[in-house]
Amino acid sequence: MQMNRYDQAATLRAKMEKRERVLPMVYSQKAKTLAVISGKGGVGKSNITLNMALALQDKGKKVLLIDLDIGMGNIDILIGNSSSATIIDVLTDRKPLLQSLSVGPKGLRYISGGTGLDVMFQLDQRKWTFFANELSHALSQFDYVLFDMGAGLSKDQLPFILSAEDILIITTPEPTAIMDAYSAVKHLVLTENKLSMKVAVNRCRDQKEGLDAFARLSRTIHMFLDVQVQFAGSVSDDVIVSKAVVEQVPFFIKSPQAKASRSVRILADALFEREETRHKEDKQTFIEKLSSFLMRRA
């Protein structure tokens, strides 16, 4: 049956309204984005993300750390702070992101994941769009934005992970951690097979142990998934890390020359040393990619 002009106009309006609901305002993106993930909890993901952010901040960069482990965030605990606003306030109460940031050591800006239930499942499309708009604004204000994702991969975390320029997978030399990291990569490539994925191996006795663990993981990924991952580096198994956690002081602050601190400094340099050129060559910005996911959800 042929649509009359009235029906066509109504259909067009509906499509435009839907598009307006899901497309955020796009600011000029300045920041480079990194999503940090792990296959399971307990591998030191949040600790590495925090201290790597501090290493970048120490080099004079403007860094924003976003704790997207909603309701289970560790950044406040690791810093020894109690934030007045969390990501939950931004997501549920439409509080502006930049006004909700806390200030950590070395002037690091961050937003806590908060505590309580995961609220992302309760977000409607308008709240998603509001949050994306806030992120777009933040990306124009910082040099680097690091997303500390929750352990495992939930449906609501995927858009943020897949939209980032780089994905850093944290694992340890333990066989179970290696297998969990493989499962995380498999889940990602089944959704999107053109991703920039790098691996950092935590709690290594020496560089060789980190390289050996990466080699096992990389071989398995290549054999069964036919994709490549890159070695970002390893982080030394250092007693200063557990002491810093107990004292609620980032180990990069507590002991800047400790083995673990030197490791995250090298890791940060390795991750971002060549990103300037590649960042300019990217066809889509973080927000453009995220918007496409929002359109699919609508």
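Using the three backbone atoms N, Cα and C, a Cβ is placed for every residue, glycine included.
The ATP binding site annotation in Swiss-Prot covers Gly39, Lys40, Gly41, Gly42, Val43, Gly44, Lys45, Ser46, and the record cites sequence analysis as its basis.
The sparsest Cβ neighbourhood within 10 Å, among the listed binding-site residues (Gly39, Gly44), is found at Gly44.
Residues near Gly41 (ATP binding site) in space but far in sequence (CB under 8 A, at least 6 apart, same chain), listed by position: Ala151, Gly152.
Each residue in Ser38, Ala151, Ile170, Ala177 lies on the same chain as Gly39, Lys40, Gly41, Gly42, Val43, Gly44, Lys45, Ser46 and has a C-beta within 8 Å of the C-beta centroid of that ATP site, without being one of the site residues. Remark: of the binding-site residues Lys40, Lys45, the most isolated position is Lys40 (fewest other Cβ atoms within 10 Å of its Cβ). Annotation for Ser46 (ATP binding site): spatial neighbours Asp67, Asp69, Gly73, Asn74, Ile75, Leu78, Asp148, criterion Cβ-Cβ under 8 Å with sequence separation of six or more. The local packing around Val43 (ATP binding site), expressed as other Cβ atoms within 10 Å of its Cβ over all shown chains, amounts to 24.
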